[in-house]
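Structure, as C-alpha coordinates:
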Amino acid sequence: MERRGDRALDITQHLAELTRLSSITGRERAVAEYLLQAWAPLVDEAYLDRLGSYVGVKRGEGPEPRPRVLAAAHIDSIGGVVTAIEPGGFIRFNPVGGVDRRLLMAQEMEVHGRRVIPGVVGSKPPHVTSPEERKRLVPVEELYIDTGLPEDEVRALVQVGDPVLFRYQFRILQNGRISSRYLDNRASQAALAVALQELQGLRHSADFYAVGTVGEEFGAYAGATAAAFALQPDIAIAVDVTFARHPGAEKDTFPLGGGPAIGVGPSCTPQVVKLMRKVAEEVGIDYQVEVMAGPSGTDAWGMQEVRGGVATAILSIPLRYMHTPVELVDLADIRQAGRLLAHVVARIDQAFVEELRCF
(Lines of atoms letter the chains of each structure in order from A and count residues from 1; the text may use other names and numbers.)
(Lines give C-alpha, C1' and ligand atoms only; values in the text may rest on other atoms or scores of the structure.)
Protein backbone atom coordinates (compact mmCIF):
# COMPACT_ATOMS: atom_id res chain seq x y z
CA MET A 1 0.00 0.00 0.00
CA GLU A 2 1.30 3.45 -0.84
CA ARG A 3 1.13 6.62 1.21
CA ARG A 4 2.02 10.12 0.15
CA GLY A 5 5.50 11.45 0.83
CA ASP A 6 6.45 15.14 0.72
CA ARG A 7 10.24 14.99 1.11
CA ALA A 8 11.62 15.88 -2.31
CA LEU A 9 15.28 15.64 -3.25
CA ASP A 10 16.61 16.71 -6.65
CA ILE A 11 18.64 13.64 -7.57
CA THR A 12 20.63 15.33 -10.33
CA GLN A 13 21.70 18.15 -8.02
CA HIS A 14 22.31 15.66 -5.22
CA LEU A 15 24.62 13.63 -7.44
CA ALA A 16 26.46 16.78 -8.48
CA GLU A 17 27.04 17.73 -4.85
CA LEU A 18 28.31 14.25 -4.01
CA THR A 19 30.88 14.30 -6.82
CA ARG A 20 32.29 17.63 -5.61
CA LEU A 21 33.31 16.15 -2.27
CA SER A 22 36.68 14.62 -1.44
CA SER A 23 36.40 11.03 -0.26
CA ILE A 24 39.38 8.90 -1.24
CA THR A 25 39.73 5.64 0.65
CA GLY A 26 40.63 6.40 4.25
CA ARG A 27 39.42 10.03 4.00
CA GLU A 28 35.66 9.60 3.57
CA ARG A 29 34.35 11.93 6.27
CA ALA A 30 33.26 14.79 3.97
CA VAL A 31 30.74 12.57 2.16
CA ALA A 32 29.53 10.91 5.37
CA GLU A 33 28.87 14.27 7.01
CA TYR A 34 27.13 15.56 3.89
CA LEU A 35 24.77 12.57 3.96
CA LEU A 36 23.92 13.31 7.60
CA GLN A 37 22.58 16.66 6.45
CA ALA A 38 21.17 15.80 3.01
CA TRP A 39 19.28 12.66 4.04
CA ALA A 40 18.05 13.95 7.40
CA PRO A 41 14.46 14.52 6.13
CA LEU A 42 14.35 10.97 4.71
CA VAL A 43 15.38 8.89 7.74
CA ASP A 44 14.25 8.45 11.33
CA GLU A 45 17.78 8.27 12.72
CA ALA A 46 21.30 8.76 11.37
CA TYR A 47 24.84 8.55 12.69
CA LEU A 48 28.43 7.75 11.77
CA ASP A 49 29.77 4.46 13.09
CA ARG A 50 33.24 3.90 14.55
CA LEU A 51 34.87 3.44 11.16
CA GLY A 52 33.17 6.52 9.73
CA SER A 53 30.45 4.87 7.64
CA TYR A 54 27.14 6.70 7.39
CA VAL A 55 24.13 4.81 8.79
CA GLY A 56 20.60 6.05 8.10
CA VAL A 57 17.64 4.20 9.60
CA LYS A 58 14.14 4.21 8.09
CA ARG A 59 12.03 2.24 10.55
CA GLY A 60 9.28 -0.10 9.45
CA GLU A 61 5.77 -0.37 10.78
CA GLY A 62 4.51 -2.89 13.28
CA PRO A 63 5.84 -4.53 16.41
CA GLU A 64 9.38 -5.73 16.93
CA PRO A 65 11.20 -7.85 16.03
CA ARG A 66 11.02 -6.45 12.51
CA PRO A 67 13.03 -7.68 9.54
CA ARG A 68 16.25 -5.77 8.98
CA VAL A 69 17.39 -4.88 5.47
CA LEU A 70 20.78 -3.22 4.93
CA ALA A 71 21.71 -1.55 1.64
CA ALA A 72 25.40 -0.65 1.37
CA ALA A 73 26.82 1.84 -1.14
CA HIS A 74 30.48 2.60 -0.54
CA ILE A 75 31.39 6.28 -0.17
CA ASP A 76 35.12 6.00 -0.75
CA SER A 77 36.74 6.58 -4.12
CA ILE A 78 40.03 6.11 -5.91
CA GLY A 79 42.59 8.90 -6.08
CA GLY A 80 46.10 9.51 -4.85
CA VAL A 81 48.25 10.54 -1.91
CA VAL A 82 51.23 12.89 -1.74
CA THR A 83 54.51 11.02 -1.17
CA ALA A 84 57.14 13.75 -1.56
CA ILE A 85 57.79 17.37 -2.56
CA GLU A 86 60.66 17.71 -5.02
CA PRO A 87 62.96 20.68 -5.60
CA GLY A 88 61.08 23.22 -7.68
CA GLY A 89 57.81 22.43 -5.87
CA PHE A 90 56.88 19.39 -7.95
CA ILE A 91 54.69 16.93 -6.03
CA ARG A 92 55.21 13.18 -6.18
CA PHE A 93 52.22 10.95 -5.50
CA ASN A 94 51.04 7.35 -5.41
CA PRO A 95 47.63 6.10 -6.59
CA VAL A 96 45.07 4.96 -4.01
CA GLY A 97 42.75 2.17 -5.16
CA GLY A 98 42.58 0.72 -8.65
CA VAL A 99 43.43 3.84 -10.66
CA ASP A 100 43.83 3.29 -14.41
CA ARG A 101 47.46 4.40 -14.58
CA ARG A 102 47.45 4.60 -18.38
CA LEU A 103 45.46 7.83 -18.14
CA LEU A 104 47.38 9.76 -15.49
CA MET A 105 49.73 11.72 -17.76
CA ALA A 106 48.61 15.33 -18.36
CA GLN A 107 45.53 14.89 -16.17
CA GLU A 108 44.19 17.83 -14.20
CA MET A 109 44.39 17.08 -10.49
CA GLU A 110 43.76 18.85 -7.21
CA VAL A 111 45.81 18.48 -4.05
CA HIS A 112 43.85 18.82 -0.81
CA GLY A 113 46.39 20.43 1.49
CA ARG A 114 45.82 23.47 3.68
CA ARG A 115 43.62 24.54 0.78
CA VAL A 116 42.61 22.91 -2.51
CA ILE A 117 45.41 23.45 -5.03
CA PRO A 118 44.84 22.73 -8.74
CA GLY A 119 47.61 21.16 -10.75
CA VAL A 120 48.43 18.95 -13.69
CA VAL A 121 50.38 15.71 -13.98
CA GLY A 122 53.55 16.61 -15.85
CA SER A 123 54.66 14.69 -18.91
CA LYS A 124 57.50 14.89 -21.40
CA PRO A 125 56.47 16.16 -24.84
CA PRO A 126 56.76 13.53 -27.60
CA HIS A 127 59.39 15.71 -29.29
CA VAL A 128 61.92 14.97 -26.52
CA THR A 129 61.12 11.32 -25.85
CA SER A 130 62.84 8.38 -27.47
CA PRO A 131 60.92 5.81 -29.55
CA GLU A 132 61.36 3.32 -26.70
CA GLU A 133 59.90 5.74 -24.15
CA ARG A 134 56.84 6.34 -26.30
CA LYS A 135 56.02 2.62 -26.29
CA ARG A 136 56.08 2.08 -22.53
CA LEU A 137 53.68 2.99 -19.76
CA VAL A 138 55.35 5.70 -17.69
CA PRO A 139 55.91 4.36 -14.16
CA VAL A 140 54.07 6.20 -11.40
CA GLU A 141 57.42 6.91 -9.77
CA GLU A 142 58.28 9.19 -12.70
CA LEU A 143 55.05 11.18 -12.54
CA TYR A 144 54.60 14.41 -10.63
CA ILE A 145 52.03 17.17 -10.14
CA ASP A 146 52.89 20.70 -11.27
CA THR A 147 50.82 23.32 -9.43
CA GLY A 148 52.67 26.33 -10.81
CA LEU A 149 53.45 27.51 -7.29
CA PRO A 150 56.99 28.22 -6.05
CA GLU A 151 58.59 25.54 -3.91
CA ASP A 152 58.37 27.44 -0.62
CA GLU A 153 54.64 28.00 -1.08
CA VAL A 154 54.04 24.35 -1.99
CA ARG A 155 55.88 23.24 1.14
CA ALA A 156 53.79 25.65 3.23
CA LEU A 157 50.51 24.32 1.82
CA VAL A 158 51.15 20.62 1.17
CA GLN A 159 52.51 17.79 3.26
CA VAL A 160 53.17 14.10 2.70
CA GLY A 161 49.92 12.16 3.12
CA ASP A 162 47.60 14.83 1.69
CA PRO A 163 44.89 13.49 -0.67
CA VAL A 164 45.08 13.95 -4.43
CA LEU A 165 41.88 13.95 -6.51
CA PHE A 166 40.98 14.01 -10.17
CA ARG A 167 39.73 17.49 -11.06
CA TYR A 168 37.13 16.73 -13.76
CA GLN A 169 33.77 18.14 -12.67
CA PHE A 170 30.14 17.05 -13.03
CA ARG A 171 28.62 17.60 -16.47
CA ILE A 172 25.14 16.94 -17.85
CA LEU A 173 25.45 15.41 -21.31
CA GLN A 174 22.79 14.50 -23.85
CA ASN A 175 20.01 11.93 -23.42
CA GLY A 176 20.04 11.89 -19.61
CA ARG A 177 23.71 10.96 -19.37
CA ILE A 178 26.10 12.33 -16.75
CA SER A 179 29.90 12.47 -16.85
CA SER A 180 31.96 13.16 -13.76
CA ARG A 181 34.76 12.02 -11.55
CA TYR A 182 33.85 9.50 -8.86
CA LEU A 183 30.53 8.24 -10.20
CA ASP A 184 31.90 5.01 -8.74
CA ASN A 185 30.27 5.02 -6.31
CA ARG A 186 28.43 8.33 -6.01
CA ALA A 187 25.86 6.97 -8.46
CA SER A 188 24.88 4.31 -5.92
CA GLN A 189 24.60 6.85 -3.12
CA ALA A 190 22.18 8.75 -5.34
CA ALA A 191 20.26 5.49 -5.86
CA LEU A 192 20.00 5.05 -2.08
CA ALA A 193 18.59 8.58 -1.90
CA VAL A 194 15.98 7.62 -4.52
CA ALA A 195 15.11 4.53 -2.46
CA LEU A 196 14.69 6.54 0.73
CA GLN A 197 12.55 9.05 -1.11
CA GLU A 198 10.42 6.29 -2.67
CA LEU A 199 9.92 4.65 0.72
CA GLN A 200 8.19 7.80 1.96
CA GLY A 201 5.24 6.68 -0.15
CA LEU A 202 5.36 2.95 0.62
CA ARG A 203 4.31 0.96 3.66
CA HIS A 204 7.03 -1.41 4.80
CA SER A 205 7.35 -3.66 7.81
CA ALA A 206 11.13 -4.01 7.58
CA ASP A 207 13.60 -1.61 9.15
CA PHE A 208 15.75 -0.24 6.34
CA TYR A 209 19.39 0.70 6.92
CA ALA A 210 20.92 2.89 4.20
CA VAL A 211 24.66 2.66 4.78
CA GLY A 212 27.43 4.63 3.09
CA THR A 213 30.38 2.34 3.69
CA VAL A 214 34.06 3.26 3.96
CA GLY A 215 37.06 1.28 2.81
CA GLU A 216 35.77 -0.58 -0.25
CA GLU A 217 38.19 0.49 -2.98
CA PHE A 218 41.27 -1.18 -1.53
CA GLY A 219 39.51 -4.54 -1.24
CA ALA A 220 39.08 -4.89 2.53
CA TYR A 221 35.32 -4.10 2.63
CA ALA A 222 35.96 -2.92 6.19
CA GLY A 223 33.03 -0.53 6.40
CA ALA A 224 30.52 -3.05 5.08
CA THR A 225 31.79 -5.82 7.34
CA ALA A 226 31.69 -3.64 10.45
CA ALA A 227 28.23 -2.26 9.65
CA ALA A 228 26.76 -5.70 9.01
CA PHE A 229 28.28 -7.02 12.23
CA ALA A 230 26.80 -4.16 14.26
CA LEU A 231 23.38 -3.95 12.59
CA GLN A 232 22.78 -7.71 12.23
CA PRO A 233 20.66 -7.50 9.06
CA ASP A 234 18.53 -10.37 7.83
CA ILE A 235 19.27 -9.28 4.26
CA ALA A 236 22.15 -7.16 2.96
CA ILE A 237 22.21 -5.67 -0.54
CA ALA A 238 25.39 -4.20 -2.01
CA VAL A 239 24.59 -1.30 -4.35
CA ASP A 240 27.50 -0.56 -6.66
CA VAL A 241 28.39 0.05 -10.30
CA THR A 242 29.12 -2.44 -13.05
CA PHE A 243 30.62 -2.28 -16.53
CA ALA A 244 28.54 -0.52 -19.18
CA ARG A 245 28.78 -1.37 -22.86
CA HIS A 246 30.87 0.75 -25.23
CA PRO A 247 33.13 0.13 -28.26
CA GLY A 248 35.75 -2.45 -27.36
CA ALA A 249 33.80 -3.64 -24.31
CA GLU A 250 30.92 -5.66 -25.71
CA LYS A 251 31.34 -8.84 -23.66
CA ASP A 252 29.94 -9.15 -20.13
CA THR A 253 28.83 -5.52 -20.14
CA PHE A 254 25.44 -3.83 -19.93
CA PRO A 255 23.83 -1.11 -22.06
CA LEU A 256 23.21 2.26 -20.46
CA GLY A 257 19.51 2.93 -19.98
CA GLY A 258 18.70 -0.78 -19.76
CA GLY A 259 18.09 -0.62 -16.03
CA PRO A 260 20.14 -1.83 -13.08
CA ALA A 261 21.81 -5.23 -13.09
CA ILE A 262 20.78 -7.88 -10.56
CA GLY A 263 23.68 -10.11 -9.63
CA VAL A 264 23.53 -13.90 -9.82
CA GLY A 265 26.33 -15.93 -8.27
CA PRO A 266 27.98 -17.13 -5.06
CA SER A 267 27.52 -13.79 -3.28
CA CYS A 268 23.82 -13.62 -4.15
CA THR A 269 21.23 -15.58 -2.14
CA PRO A 270 18.81 -17.19 -4.65
CA GLN A 271 15.60 -16.33 -2.77
CA VAL A 272 16.55 -12.65 -2.59
CA VAL A 273 17.51 -12.61 -6.27
CA LYS A 274 14.18 -14.22 -7.15
CA LEU A 275 12.32 -11.60 -5.12
CA MET A 276 14.20 -8.74 -6.78
CA ARG A 277 13.40 -10.02 -10.26
CA LYS A 278 9.76 -10.63 -9.38
CA VAL A 279 9.34 -7.15 -7.90
CA ALA A 280 11.00 -5.50 -10.91
CA GLU A 281 8.65 -7.28 -13.29
CA GLU A 282 5.54 -6.49 -11.24
CA VAL A 283 6.40 -2.82 -10.74
CA GLY A 284 7.54 -2.36 -14.34
CA ILE A 285 11.22 -1.66 -13.75
CA ASP A 286 13.67 -2.62 -16.48
CA TYR A 287 16.55 -4.74 -15.20
CA GLN A 288 19.44 -6.81 -16.47
CA VAL A 289 21.04 -9.96 -15.06
CA GLU A 290 24.74 -9.99 -14.23
CA VAL A 291 26.33 -13.41 -13.83
CA MET A 292 29.01 -13.22 -11.12
CA ALA A 293 30.49 -16.69 -11.21
CA GLY A 294 33.46 -15.69 -9.04
CA PRO A 295 34.33 -12.95 -6.56
CA SER A 296 32.03 -9.96 -7.00
CA GLY A 297 34.47 -7.30 -5.83
CA THR A 298 31.67 -5.56 -3.92
CA ASP A 299 30.64 -4.96 -0.31
CA ALA A 300 28.57 -8.15 -0.54
CA TRP A 301 31.78 -10.06 0.10
CA GLY A 302 32.28 -8.39 3.45
CA MET A 303 28.66 -8.67 4.57
CA GLN A 304 27.99 -12.26 3.52
CA GLU A 305 30.24 -13.90 6.14
CA VAL A 306 29.34 -11.78 9.18
CA ARG A 307 28.30 -13.63 12.34
CA GLY A 308 26.41 -16.77 11.25
CA GLY A 309 26.05 -15.54 7.66
CA VAL A 310 23.82 -12.98 5.97
CA ALA A 311 21.56 -13.39 2.94
CA THR A 312 23.06 -11.07 0.34
CA ALA A 313 22.32 -9.61 -3.08
CA ILE A 314 24.00 -7.21 -5.49
CA LEU A 315 22.30 -4.41 -7.41
CA SER A 316 24.55 -2.61 -9.89
CA ILE A 317 24.31 0.53 -12.02
CA PRO A 318 25.98 0.34 -15.47
CA LEU A 319 28.90 2.78 -15.72
CA ARG A 320 31.32 3.53 -18.54
CA TYR A 321 35.06 4.14 -18.10
CA MET A 322 35.28 2.81 -14.53
CA HIS A 323 38.28 3.87 -12.42
CA THR A 324 39.30 6.61 -14.85
CA PRO A 325 39.24 10.39 -14.30
CA VAL A 326 35.93 10.65 -16.21
CA GLU A 327 33.11 8.13 -15.72
CA LEU A 328 29.66 8.13 -17.31
CA VAL A 329 26.21 6.95 -16.22
CA ASP A 330 22.56 7.24 -17.22
CA LEU A 331 20.34 8.97 -14.66
CA ALA A 332 17.47 6.65 -15.58
CA ASP A 333 19.47 3.64 -14.36
CA ILE A 334 20.13 5.37 -11.04
CA ARG A 335 16.45 6.16 -10.56
CA GLN A 336 15.37 2.64 -11.52
CA ALA A 337 17.89 1.10 -9.14
CA GLY A 338 16.56 3.23 -6.29
CA ARG A 339 12.94 2.45 -7.10
CA LEU A 340 13.63 -1.27 -7.29
CA LEU A 341 15.46 -1.23 -3.97
CA ALA A 342 12.57 0.57 -2.26
CA HIS A 343 9.92 -1.80 -3.60
CA VAL A 344 11.99 -4.84 -2.62
CA VAL A 345 12.28 -3.49 0.93
CA ALA A 346 8.50 -2.97 0.98
CA ARG A 347 7.93 -6.65 0.07
CA ILE A 348 10.17 -8.11 2.78
CA ASP A 349 8.28 -9.28 5.85
CA GLN A 350 8.93 -11.67 8.72
CA ALA A 351 7.55 -14.63 6.76
CA PHE A 352 10.07 -14.04 3.97
CA VAL A 353 12.91 -13.84 6.49
CA GLU A 354 11.80 -17.11 8.11
CA GLU A 355 11.89 -18.80 4.70
CA LEU A 356 15.50 -17.66 4.30
CA ARG A 357 16.41 -19.42 7.53
CA CYS A 358 15.01 -22.65 6.16
CA PHE A 359 17.20 -22.55 3.04
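Here the Cβ of each residue, glycine as well, is placed from N, Cα and C on the backbone.
The Zn(2+) 1 site recorded in TrEMBL comprises His74, Asp184 together with one of Asp10, Asp234, Asp240, Asp252, namely Asp240.
When Glu151, Glu217, Glu282, Glu290 are compared with the Zn(2+) 2 site residues Asp184, His323 in TrEMBL, the one appearing in that site is Glu217.
For the binding-site residues listed here (His74, His323), the lowest count of other CB atoms within 10 A around the CB belongs to His323. Secondary structure from DSSP puts His74 (Zn(2+) 1 binding site) in a beta strand. The residues near the Zn(2+) 2 site, meaning same-chain residues not in Asp184, Glu217, His323 whose C-beta sits within 8 angstroms of the mean position of the site's C-beta atoms, are Ser77, Ile78, Gly97, Gly98, Asn185, Met322, in sequence order. Other residues of the same chain near the Zn(2+) 1 site, with their Cβ within 8 Å of the Cβ centroid of His74, Asp184, Asp240, are Ala73, Asn185, Ser188, Glu216, Glu217, Val239, Val241, Thr298, Asp299. Separating the Cα atoms of His74 (Zn(2+) 1 binding site) and Glu216 (active site, proton acceptor) is a whole-number distance of 6 Å.
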